[in-house]
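Down below is the structure, laid out as structure tokens.
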Ligand SMILES: CC(=O)N[C@H]1[C@@H](OP(=O)(O)OP(=O)(O)OC[C@H]2O[C@@H](n3ccc(=O)[nH]c3=O)[C@H](O)[C@@H]2O)O[C@H](CO)[C@@H](O)[C@@H]1O[C@H](C)C(=O)N[C@@H](C)C(=O)N[C@H](CCC(=O)O)C(=O)O
Ligand SMILES: Nc1ncnc2c1ncn2[C@@H]1O[C@H](COP(=O)(O)OP(=O)(O)OP(=O)(O)O)[C@@H](O)[C@H]1O
Ligand SMILES: N[C@H](CCC[C@H](N)C(=O)O)C(=O)O
Ligand SMILES: [Mg+2]
């Protein structure tokens, strides 16, 4: 139990009704799960407004209400605190409630359109191998050193973040690497966290349903850097045209990485093969099991971050070569008939282009590239035709299929993807709504030495249709289907 006034420390308050000395059981922002003695924080969301549920929260036992507008009816024995921003208040209160756990470890945030999971997961791996206790908050999972927790968001809500950071404090975690999504920044899920540093990967087309314009999306990402303190570091990719934009208003120490231009941390790709690539990082040769130009950027960002966090150059180089692929990121196997099946989380135009580029560069003869891809429902519609164009242009055959249609009609999503296919590529495409049937068809079409790319869902183990999630695992599926076909 904590006193309300303690957890309100640092919150911008505009009015109070009632006592702030009351004791608080826990903080909650969903009236459906309020318990006796809770603080209920009313949040203005994208679908509804938490202010509409204040009475319901009180009926379930909430003793404190945090709101942006005082309700008309004030209930006796309930404390009301009016704040200027509910999301911001929630984040600061969550931090206070868990004793500001981000201050007790070195927290590094990773933002950008692609590469966040790869970089944060590999930094987790590298620092574990270096002998530290490490934390990870990522799209795939949350790790409190060796203990794994499930997660539903890339950047969870502020209570979930701080709760897990506190668990990290309890077991003596020294470094934590976390993904910072644009939704996370916009909804202030990371407000009040003490970052030791932040990394910018790249910026390309995504989430224009939520942010409306590319400039708004870019400026949201930039806020992570704008809010860093002077002693923190920023490491930015200056080959990306928005790399320097991220540095414009930051007080933090600035560092850069690049393959193509002058930077603090530089790399060169010396050799690229299916099972790895040889890089020259900061003048030293290093083998990376992760392939593709985009992974050279990821390795370089990891190298720079590890140096900025105090690891020795030689140790970092040795550990870089030991890093293993992240689940669902260019995860592949070669079948009995030498068909290469690759599962990759490319769900943006840029990622899809990079992965297909990498595959096409590695083709040695006239192997076919058969791509299975779709686009998520209730997400950015404008990326659909672009991905349709890229897949059909860069593959021998493309099968468009469903990728979490959520509440949308799968046929409509598929039509929007098909609209981007140019006339000359139409004959190279098929549309099969069922993802299982689509993967099966790819397996039937594939001959020895061909490459099957299954893009968009990576590590995900479900397919969400009409709000229901059924088990679905691309990697498991393609393995079973190739085996069943005796290929
Ligand atoms: C669009 C979006 O980001 N939505 C997030 C947002 O929900 P919302 O704004 O829609 O909430 P709402 O339904 O309008 O409700 C408003 C408030 O009323 C409350 N409420 C609602 C109903 C009720 O009966 N009682 C009640 O108290 C809700 O708890 C909420 O506090 O706040 C919720 C609580 O934190 C999030 O779970 C939810 O994530 C949804 C599920 C989601 O799908 N988010 C995705 C898009 C997302 O965040 N993705 C990024 C990754 C992007 C990337 O990596 O590329 C991520 O970081 O995961
Ligand atoms: N540095 C990079 N630049 C461009 N594309 C990349 C990069 N790293 C990975 N990718 C591609 O993007 C896909 C997603 O990578 P990753 O999961 O690391 O990104 P993310 O930023 O965490 O995505 P999300 O926004 O869904 O959390 C990968 O499967 C790969 O195809
Ligand atoms: N973090 C991304 C993941 C997209 C993955 C794709 N499989 C989909 O479901 O659209 C999002 O929530 O938009
Ligand atoms: Mg991610």
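Backbone N, Cα and C define each Cβ position, glycine as well.
Noted in TrEMBL for the protein shown:
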- 25-98: domain 'Mur ligase N-terminal catalytic' (DOMAIN)
- 112, 113, 114, 115, 116, 117, 118: ATP binding site (BINDING)
- 221: N6-carboxylysine (MOD_RES)
- 328-458: domain 'Mur ligase C-terminal' (DOMAIN)
- 379, 403, 404, 405, 406, 456, 460: meso-2,6-diaminopimelate binding site (BINDING)
- 403-406: motif 'Meso-diaminopimelate recognition motif' (MOTIF)
If you check the binding-site residues 114, 115, 116, 117, 118, 456 one by one, which have a CB less than 6 Å away from any atom of ligand 2?
114, 115, 116, 117, 118
Report the residues of the chain - excluding 379, 403, 404, 405, 406, 456, 460 - with C-beta within 8 Å of the mean position of the site's C-beta atoms, for the recorded meso-2,6-diaminopimelate site, in sequence order.
347, 374, 375, 376, 377, 402, 457, 463, 464
Tell me, in order along the sequence, which recorded positions from 221, 404, 405, 406, 456 have their CA within 10 Å of residue 113 (ATP binding site).
221
With every protein chain in view, how many other Cβ atoms are within 10 Å of the Cβ of residue 113 (ATP binding site)?
23
Of all the binding-site residues given, namely 404, 405, 406, which is spatially nearest to residue 118 (ATP binding site) at the Cα level?
404
Measuring Cα to Cα, how many Å separate the residue listed as 'N6-carboxylysine' from residue 112 (ATP binding site)?
7
Neighbours of 112, 113, 114, 115, 116, 117, 118 excl. site residues, C-beta within 8 Å of centre, ATP:
110, 119, 179, 201, 202, 298
How big is the Cα-to-Cα gap, in Å, between residue 379 (meso-2,6-diaminopimelate binding site) and residue 114 (ATP binding site)?
16
